Structures are given as structure tokens and as C-alpha cells.
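Database features, via TrEMBL:
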{"type": "TRANSMEM", "residues": "25-48", "note": "transmembrane segment"}
{"type": "DOMAIN", "residues": "41-290", "note": "domain 'G-protein coupled receptors family 1 profile'"}
{"type": "TRANSMEM", "residues": "60-79", "note": "transmembrane segment"}
{"type": "TRANSMEM", "residues": "99-120", "note": "transmembrane segment"}
{"type": "TRANSMEM", "residues": "140-162", "note": "transmembrane segment"}
{"type": "TRANSMEM", "residues": "199-225", "note": "transmembrane segment"}
{"type": "TRANSMEM", "residues": "237-253", "note": "transmembrane segment"}
{"type": "TRANSMEM", "residues": "273-292", "note": "transmembrane segment"}
């Protein structure tokens with residue numbers, strides 16, 4: 001097929017979680033339940049924060065933004081995946097694949113940066129409480145959210161435009177359950193090693209820096225709390241930090257494993273398991289961990 005019409009003339013075929021239609025009915029049920037729990041949990045959290053004036057604080061403003069991102073994040077992949085469980089064709093148009101990749105990258109990057117800003121909020125609240133009203137004003141919070149959305153969207157746009165102009169001249173079978181840039185590179189019939197270096201650098205900036213900021217923030221929080229010599233305060237801090245770090249680590253470690261490796265080292269089955277963790281499980285857990293475990 002000529003490069004002039006390879007892009008728009010052929011659909012992609014999504015293999016799904018398992019090849020050959022294994023356990024489609026069970027997976028459809030499980031994924032649908034997780035999707036419903038994620039939507040209900042995040043919608044409830046956003047409504048509660050909006051309705052209760054006591055929750056009109058920087059921490060809960062950022063948490064509501066995280067819930068909005070999670071609702072959109074899981075909605076980008078799960079409906080198409082669930083539909084493919086019941087479909088024989090499992091196709092997605094080139095444009096649909098491109099849009100899905102762009103939206104997924106934008107939301108994933110926004111979540112990664114927002115989690116870092118949320119840890120900074122906790123650091124200021126506990127380690128610099130007298131400066132909290134100034135350092136976490138409404139204007140600064142809005143700037144944080146705008147920075148997360150704009151920078152991740154620009155990064156996603158660059159990667160999407162570049163990746164989808166590459167020559168897909170071989171098979172159109174994507175061994176994944178959604179259109180993710182690393183899963184599309186094996187279909188490209190030219191050397192992508194230079195582009196993989198760009199993905200690596202983007203991953204380190206968008207993912208690694210916020211993760212290191214989270215680790216540093218919680219380390220400072222724990223140091224301050226343990227200096228207070230309060231047994232109850234120490235146990236609450238450990239409970240909160242450990243639960244937050246568990247979910248954050250699952251998100252960052254799995255995404256880094258996907259976006260910081262050359263495609264020659266990728267395992268499709270492992271990549272799909274990792275993708276389920278950061279695209280499905282994390283949006284389900286976030287509203288519960290960051291609200292119920294927010295001592």
C-alpha cells in the first residue's frame with residue numbers, strides 16, 4: 001500500500017486483552033463493573049466537593065480535578081474495549097485510533113503532573129503551614145491545573161501527529177486493547193529508534209519528575225510528623241502516606257515501564273497487564289484512596 005493512502009484507507013484491528021476471544025463474557029462483566037465503580041466513585045466525589053463548602057480548599061479542588069481526569073481517562077479506553085468483547089470485527093478507524101491515542105496521552109500526562117502537584121500541596125500544608133494560604137492560593141491552584149492540562153496536551157499532540165504520519169505498511173493488527181503509541185510502533189516499517197528516544201525523554205519529564213517530587217514531599221512530611229512525637233499523628237501520617245504512595249507508585253511504575261523502553265524489549269502480554277493497572281485500576285482506586293484514606 002502506498003504511503004499516500006496508508007493512513008486513511010485502512011482500519012486498525014485491536015486484538016484485545018487476550019487473543020482468540022478467551023473469557024470474553026467474564027472480562028466484559030468485570031470491566032463493566034470496574035467502569036461503573038470508577039464513574040460512580042469519581043462523580044460522587046466531585047459532587048460532594050462542590051456541594052460542601054467545607055471542602056472548598058486547595059487540596060479538594062485538586063482532588064476534584066483528579067476525579068474529572070479519571071472519569072475521562074477510563075472512558076477513553078474501557079467502552080471500546082468492552083464493545084470489542086461482544087464484537088467479531090474489533091476494528092477501529094484510523095482517525096478514531098488517532099483521537100484515542102491523543103486523548104489518552106493528554107489525560108495520562110495530566111494525571112501524572114496533577115498527582116505531583118497534590119503531593120506539593122500536602123508538603124506545604126504540613127511542613128510550611130503558615131505560608132499555606134499564600135503558596136496555595138486559588139490563583140496558584142488554577143495555574144497548576146492549567147499547567148498540567150496544557151503541557152500534557154502539547155506533549156500528546158506532538159507524539160500523536162508524529163506517530164500517525166509514520167508508514168504503517170505491514171499488518172494492521174494492534175496487539176493491545178486500545179490505541180497506545182508504543183503498541184503501534186511494531187507496525188511501522190522503518191527504524192523508529194530515534195523516535196523511541198523522544199518517547200523516553202518525554203516519559204522521564206512527564207512521569208519521573210512528578211514521581212520523584214511525590215517521594216520527596218512525603219519524605220519531608222514524615223520527617224516533620226515524626227519530630228512531633230505524637231503516636232496518633234505518626235500512625236495517621238503513615239496510613240495516609242502509605243496508601244497514597246501505593247496507588248501513585250502503581251500508576252508511575254507501570255507507565256514508566258511502558259513508555260521508557262524500546263519496542264524491541266516490549267512484551268505485548270505484559271504491556272496489556274500494565275495498561276490495565278494504570279488505565280483501569282488506578283481510576284477505580286483513586287477516589288477511595290485520596291478521600292477515605294486522607295487523614
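Cβ atoms here come from the backbone N, Cα and C positions, even for glycine.
Looking at which of 60-79, 140-162, 199-225, 237-253 has the most CB pairs under 8 Å to the transmembrane segment (273-292), the answer is the stretch 60-79. Within the chain, the transmembrane segment (237-253) has long-range Cβ neighbours (under 8 A, six or more residues past its boundaries) at 111-112, 115, 119, 207-208, 210-211, 214-215, 218, 221-222, 225-226, 277-278, 281-282, 285-286, 289-290, 293-295. Note on the transmembrane segment (140-162): residues 58, 61-62, 65, 98, 101-110, 112-114, 117, 181, 195, 198-199, 202, 206 of its chain, located 6 or more positions outside it, place their CB under 8 angstroms from a CB of the stretch.
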